[in-house]
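Student: First the structure, which I've put down as structure tokens, then a few questions once you've had a look.
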Amino acid sequence: MSNPACSNLFNNGCDHNSFNYSTSLSYIYNSHGSYYYSNTTNPNYINHTHTTSTSPNSPPLREALPLLSLSPIRHQEQQDQHYFMDTHQISSSNFLDDPLVTVDLHLGLPNYGVGESIRSNIAPDATTDEQDQDHDRGVEVTVESHLDDDDDHHGDLHRGHHYWIPTPSQILIGPTQFTCPLCFKTFNRYNNMQMHMWGHGSQYRKGPESLRGTQPTGMLRLPCFCCAPGCKNNIDHPRAKPLKDFRTLQTHYKRKHGSKPFACRMCGKAFAVKGDWRTHEKNCGKLWYCSCGSDFKHKRSLKDHVKAFGNGHVPCGIDSFGGDHEDYYDAASDIEQ
């Protein structure tokens, strides 16, 4: 029969070792080939460290180290990278789903070229009444404003001055067409139309006041550039200079760029301006002589010669090809009438 005291002691010890002995075992392998067993218990218990020495002939088994790709740091970086890629894709898809937005970028300095024009239906110098009348007649005028002060090759135009570049039809026909309300004949000048109206009856005669037209005088006084390319009076020419006014431009355009319907019946020379043709036929075939023996085809050339040499040089007379010269001139006068 056992001793009750010993039995109680044994049972208490077993219970203590069975239920209250909670351990946490960790294995640590050092470089000397020893395993350390660390038993972590409550503060009331004992930690046991057991050192096992292995013989050199039988090295201990070594566990394979985990791959670096499975390390927590690398795994976290991969997760962050995947999250960034997913976020970028979502933002890109949202941008594509949004309606397109157009942005105008104005890069560079503003270009204030000479070719920039201010299109208007009237001249800036015209009065209000003239502007209304020009608009009613449908006059289309291109008014250019010179903006570059540093350009020396554009004549005497400066900032704030205006000029006009008429079209070929405006040059040849005229900027304004006045129409007779009875026969619908057109005239370039208001005075000519009024005189034509007098022929329809005395009821259209209203005295001298009826001849005072309302032409766009402000527009006709503007300096004009020629519209023909390559002309020295074209605005794109390196040394372009504007012509004084519209009438001067008309004569220039007819002489330099227009057709020449008038031909001299003495020599066959063609002219674009009727006045030039009349003057030429009047003097064609004539020779002007100087007292020094020089002859000239033009009277103005003889005058320049006498003025240049002075004493001893005086006009002597005029010679012509034949007596039929006056007949040619008379015939030309009859045609003009």
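A Cβ is built for glycine as well, from the same backbone N, Cα and C atoms used for every other residue.
When I checked Swiss-Prot for this same protein, it listed these features:
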type	residues	note
ZN_FING	178-200	zinc finger
ZN_FING	225-257	zinc finger
MOTIF	254-257	motif 'Nuclear localization signal'
ZN_FING	262-284	zinc finger
ZN_FING	288-313	zinc finger
MOTIF	297-300	motif 'Nuclear localization signal'
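Neighbours and distances for these, please.
Tutor: The zinc finger (225-257): residue composition by secondary structure is 11 helix, 3 strand, 19 coil, according to DSSP.
Using DSSP to sort the residues of the zinc finger (288-313) gives these counts of helix, strand and coil: 11 helix, 5 strand, 10 coil.
Long-range contacts of the motif 'Nuclear localization signal' (297-300) within the same chain: residues 283, 286-288, each at least 6 residues beyond the stretch ends and with a Cβ under 8 Å from a Cβ of the stretch.
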